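If you check TrEMBL, you get these features:
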TRANSMEM  C:21-40  transmembrane segment
TRANSMEM  C:74-94  transmembrane segment
TRANSMEM  C:106-125  transmembrane segment
TRANSMEM  C:131-152  transmembrane segment
TRANSMEM  C:159-188  transmembrane segment
TRANSMEM  C:208-228  transmembrane segment
TRANSMEM  C:249-276  transmembrane segment
TRANSMEM  C:288-306  transmembrane segment
TRANSMEM  C:313-337  transmembrane segment
């Protein structure tokens with residue numbers, strides 16, 4: 001598929017799912033009602049309030065989270081030249097969660113202040129994952145070793161999280177949804193001041209896109225083509241990690257959007273250039289919005305957590321990607 | 001030997017370049033000069049430092065001692081982008097993401113000529129098209145890298161290096177992955193590039209290829225330059241015996257010099 | 001040439017015994033005895049060593065207080081030793097099968113398979129605790145078979161691990177869906193179990209684990225004699241006359257059976273198999289006959305010490321052994337690997 005039609009297609013899917021998201025729920029709302037609620041809002045009409053306060057806020061959160069995680073995953077996959085990498089498989093999510101829990105337990109932080117421990121946790125997780133991968137691979141450059149390093153990192157940090165929670169479970173009672181990754185009704189509050197992270201991150205990613213593309217040809221070739229590999233790699237990591245962290249801060253560790261969205265992008269329109277980045281952004285948003293619709297309606301009136309729905313679907317997708325990658329390599 | 005080369009301008013010089021990992025020296029006080037318009041082949045046994053030498057010339061590694069000068073300016077003083085406008089390199093690793101489209105891949109060669117806000121100018125497109133035609137990959141323009149054979153990919157990467165339109169072309173074992181026809185085609189292209197006034201420096205494995213296409217051959221061994229000159233002066237049985245440790249008989253076919261093991265030729 | 005001596009008895013018995021593994025085994029056994037005594041002695045109420053030894057001697061009457069404390073303490077210590085040995089064995093078996101030193105029941109999805117079966121069995125079908133080990137066995141077997149089938153034609157040795165990792169992630173998500181159903185207290189308890197905790201081990205658990213261990217550990221030791229060809233890779237192994245596919249399937253199933261009772265009783269202990277296998281190979285080299293028993297003892301020793309430290313050092317806080325192994329163990333392992341590599 002060419003980039004143009006691809007972008008049109010994903011944009012259409014995006015708006016279609018937005019509409020579906022606003023109408024679907026525990027109770028179906030007629031499109032006319034949704035339209036009224038959006039453009040002719042009546043604060044006394046309960047159904048209008050439901051559409052705006054419960055669905056629109058969730059929709060925005062889901063779209064934001066999907067977009068930033070997808071871009072973060074694409075950037076990581078490109079600069080590390082590794083199709084299996086994503087914020088969750090590198091352990092970034094687990095690292096951020098662990099540090100947020102430490103922040104709450106040790107310093108009683110809350111709200112906006114939690115972004116900083118989460119950011120430190122994200123960088124720490126990447127450092128540990130690289131270290132572990134370096135030891136695991138013993139100098140050979142094997143894309144699989146980075147994933148093993150990431151898995152070790154994730155276990156390491158989630159153990160630490162578990163321990164801190166077990167010290168005082170009651171204190172984290174209202175965090176359970178966040179711990180497994182869920183879009184709550186009040187998640188738009190942290191988003192209200194976190195969105196600049198995502199917007200600047202994606203903006204810079206668009207600007208740096210060409211340099212990042214060069215890096216996919218290998219460090220040496222990129223250098224002789226005129227990019228500074230170390231600078232580009234460091235800069236891209238400095239973009240990708242805060243992007244993922246800003247999503248973790250809002251909804252908790254939602255995995256695999258960052259893995260699956262870049263793969264869909266690559267499959268449909270290739271991975272080079274700014275159109276691919278735009279496609280990936282929208283694709284991520286579409287995936288999380290769809291997952292949120294599924295979480296709200298599959299077992300309605302019971303709510304599932306978006307994080308667990310994503311983990312289940314994403315895990316299966318990861319399995320398929322792994323088997324396909326390995327088969328291709330064996331062939 | 002082309003007469004013009006002797007008078008041509010020196011574009012790249014190495015002065016007493018020494019390089020080593022840890023204690024052991026990979027390159028030992030190497031001094032060389034490369035002129036525009038010549039096709040230089042660097043040959044030698046595995047591990048003699050020829051790829052390292054090429055990487056040092058490209059500024060990918062910085063020498064422990066000595067200087068590399070491009071037009072009388074140290075290579076280290078160039079920014080990567082500026083350097084890429086003067087010098088293109090085809091790296092040895094055959095690496096490119098499977099999802100990338102060939103015309104995008106070749107287009108990467110123009111990166112050094114792009115500004116933040118100017119891309120895809122008529123000049124860029126002209127260079128990309130010319131490079132793809134030269135390497136006979138125009139038909140592959142819309143294919144994805146993952147669908148290509150190793151040889152096709154190698155030709156596309158060569159097209160990328162040509163699109164870079166740099167005065168110096170460094171090739172690290174460019175005939176890897178290629179079949180017989182395309183090996184010769186690629187070397188012929190390299191020679192044509194030299195004929196248009198570029199300096200082409202290639203690391204080659206095959207001595208026959210080197211003698212057939214290169215104007216000048218640098219024979220390396222143990223991090224030192226053992227011989228440097230016209231193919232016939234360098235590829236002598238004595239030099240081959242000294243470097244590779246086998247006794248050979250040299251046969252010539254026109255320009256080509258073929259070395260056969262003495263024991264096999266009776 | 002290896003230093004060895006030969007055990008000769010008449011014409012029937014002729015066993016060469018390597019000196020180094022024998023010495024390592026002896027040293028580890030002594031260490032394990034010492035640490036066991038300390039594990040029995042230490043705790044929220046520390047006993048005197050005399051009391052512990054008197055309690056251990058069947059012909060001497062211990063005082064009532066010691067017996068009461070010991071009744072709580074011995075199952076835990078027993079389970080720690082056996083669980084450590086079994087997980088290490090399982091990990092080493094998988095390392096041989098996948099020809100990758102990083103294999104571990106937790107990384108190959110087998111632990112998660114057992115966990116999923118236990119969680120579903122306990123939370124959804126309300127199985128009694130006695131059945132959980134069998135549920136765990138079924139889950140572990142099923143996962144092992146799925147992973148083996150998916151990775152069957154993949155030649156790369158990391159392939160098996162990656163497929164296992166992916167299967168483990170899917171199962172982990174399924175487990176999580178069930179775990180979040182019961183509120184935060186229940187969630188925290190599940191969470192602690194899902195990282196391995198010896199806190200609620202009973203005498204019944206100890207008996208059950210001991211029974212499984214009595215069957216499986218000797219079997220593994222016997223199997224270790226047949227494992228050498230597998231280290232060469234499937235094709236080469238077949239070339240020297242082994243039947244690698246059947247053998248690796250059998251060994252994988254055995255590895256799953258080894259962790260099943262542990263997952264049911266204490267939850268999975270991540271990375272213990274990996275760490276024990278690495279230490280064992282660093283100590284005695286690559287011969288499976290030598291590595292297997294050493295790995296067992298290493299695993300037992302590590303889990304035993306981790307549990308004792310976790311429940312005594314940070315009092316009144318009790319750190320679950322599994323968490324201590326994952327955090328301290330993995331960090332120590334990474335640092336050790338780093339040091340050993342830079343010194344080389």
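Residue 1 is the first one shown; counting continues down the chain.
Backbone N, Cα and C atoms are what each Cβ position is placed from, and that goes for glycine too.
Note: TrEMBL annotation is automatic and uncurated.
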Between the transmembrane segment (C:208-228) and the transmembrane segment (C:74-94), do 3 or more CB pairs sit under 8 angstroms, pairs being 6 or more residues apart?
yes
Which range wins on Cβ pairs under 8 Å with the transmembrane segment (C:159-188): C:21-40, C:106-125, C:131-152, C:249-276, C:313-337?
C:106-125
Recorded stretch that, among C:106-125, C:131-152, C:249-276, C:313-337, has the most CB pairs under 8 Å to the transmembrane segment (C:288-306):
C:249-276
Check the transmembrane segment (C:249-276) against each of C:21-40, C:106-125, C:131-152, C:313-337 and return whichever range has the most CB pairs under 8 Å.
C:131-152
Do the transmembrane segment (C:131-152) and the transmembrane segment (C:106-125) come together with 3 or more C-beta pairs under 8 Å, pairs six or more apart in sequence?
yes
